[in-house]
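Annotation comment: Swiss-Prot describes 52-66, 59-71, 65-78 as disulfide bond. As annotated by Swiss-Prot, signal peptide applies to 1-21, with the evidence given as sequence analysis.
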């Protein structure tokens with residue numbers, strides 16, 4: 001009984017990995033295109049904007065904060081702007 005359970009718990013993940021690897025080998029260009037699109041999207045959003053203030057960092061205006069953050073005027077700190 002223990003041997004059969006062990007075989008099931010080893011065989012199922014192994015089958016999943018082999019199937020996923022076969023699918024990716026069948027369509028390698030899709031994976032490359034997806035990665036290229038992801039890098040372009042990050043560049044457009046300014047994810048790596050230099051000198052930006054992170055969450056709860058002090059700021060003078062919203063342009064000082066990193067993407068998806070805005071300067072809150074009450075105490076002049078960067079907080080989430082509500083965007084997705």
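Placed from the backbone N, Cα and C atoms, the Cβ positions cover glycine too.
The structure, with features from Swiss-Prot marked on it.
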residue	record	Cβ within 10 Å
52	disulfide bond	17
59	disulfide bond	20
65	disulfide bond	25
66	disulfide bond	17
71	disulfide bond	20
78	disulfide bond	22
Of the disulfide-bonded residues 59, 65, 71, 78, which one has its Cα closest to the Cα of residue 52 (disulfide bond)? 65
One should report the C-alpha separation between residue 71 (disulfide bond) and residue 65 (disulfide bond), rounded to whole angstrom, as 7
To the nearest whole angstrom, what is the C-alpha distance linking residue 66 (disulfide bond) and residue 59 (disulfide bond)? 10
